[in-house]
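Undergrad: One structure, as structure tokens, below. Some questions next.
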Amino acid sequence: MAQAPARAASVVRLFDAHCHLQDPRVLAVAPSLIRAATAAGVARFAVNGTSEKDWHLVKQMAEEYPWVPERSPDWMDSLRRFFAETPEAAVGEIGLDKGSHGKTIDFGEQVEVFQQQLELAKELNKPVSVHCVRAFGDLLEILKRTGPFPAGVLLHSYLGSAEMVSSLENLGCYFSLSGFLTGMKSTKAKKMLKSMPLDRILLETDAPDALPKLDDISLLAVPVDRSSADNGESKKDSNSQASTTSNESLNHPSNIHIVMKYVASLLEISEIELAEVTYKNATKLFSYHGSKVHNEVEAV
């Protein structure tokens, strides 16, 4: 869990409930992303690992800022050791995927690993961040078998049906919304959002992915790390300067404001109300024993 530095007092306070600032595409510029997002009102980030290969980066990021085939044979022992050494960590990202990437991984194997990880989250009484692509029916059945989850389940970039919301809510789920929501038909998105209790809604960027796709919006681009550029490349002319100073295909965490505005408009509530309630929801979810959020809340 990474906490941003002190923020400007005049902006709304936001909690990015799911992102990947350790992603190699943005790791080198992560400090500048965090500073810019902080200035835009993002007070906290829940940075999610995706495999054993990046757990140490997530841990390092939390300290510096107060998928299945990649697992090793002893991945569960390694995961348990990590939690013993890092009590402030939550579980995730874990999940199920029947999309283009997930189709390359045996689904039965996905389910086996996912269920073990869910059981570990319950055992440790920690919230768990869940990725689900085209497998919501399977997800619900597994959660029913394994749950409920008193510590909470964060369904990141939720795009499931409105009809499933009540059953998922009863199992302890929170519904985290990202820029991917903008790719859904607005009528379907509105129906889905209206089915969610306000006290279970979260906002996220999933940065550097989930770039919002809306007309007439101003998106903040991720700057390019010039130090990593190939020294052998010829210099670009002045007309291509923008391509050398930013990467417009990547999502900046400050773009959480775009998600907030869109969700608030569909829910027909003010942006301030949405910011306040989602910050409160995320703080509650991540205030488990040992977390940095819990410790800071206790100290207040």
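Including glycine, each Cβ sits where the backbone N, Cα and C put it.
From TrEMBL, here are the annotated features:
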type	residues	note
BINDING	H18, H20, E93, D206	divalent metal cation 1 binding site
BINDING	H131, H156	divalent metal cation 2 binding site
COMPBIAS	239-250	compositional bias 'Polar residues'
REGION	227-250	region 'Disordered'
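Let's see these features in context: how buried, what's close, how far.
TA: All protein chains shown were included, and the count of other CB atoms within 10 Å of the CB of D206 (divalent metal cation 1 binding site) stands at 26.
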Undergrad: Taking the Cβ of E93 (divalent metal cation 1 binding site) as centre, how many other Cβ atoms lie within 10 Å?
TA: 21
Undergrad: Could you tell me which of these binding-site residues, H18, H20, H131, has the greatest number of Cβ atoms within 10 Å of its own Cβ?
TA: H18
Undergrad: Beyond H18, H20, E93, D206, what residues of that chain have CB atoms within 8 A of the centre of the divalent metal cation 1 site's CB atoms?
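TA: Neighbours within 8 Å of the Cβ centroid, excluding H18, H20, E93, D206: C19, A46, N48, T50, S129, H131, H156, S157, E204, A207, D209.
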Undergrad: Give me the count of other Cβ atoms within 10 A of the Cβ belonging to H156 (divalent metal cation 2 binding site).
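TA: For H156 (divalent metal cation 2 binding site), the count of other Cβ atoms within 10 Å is 27.
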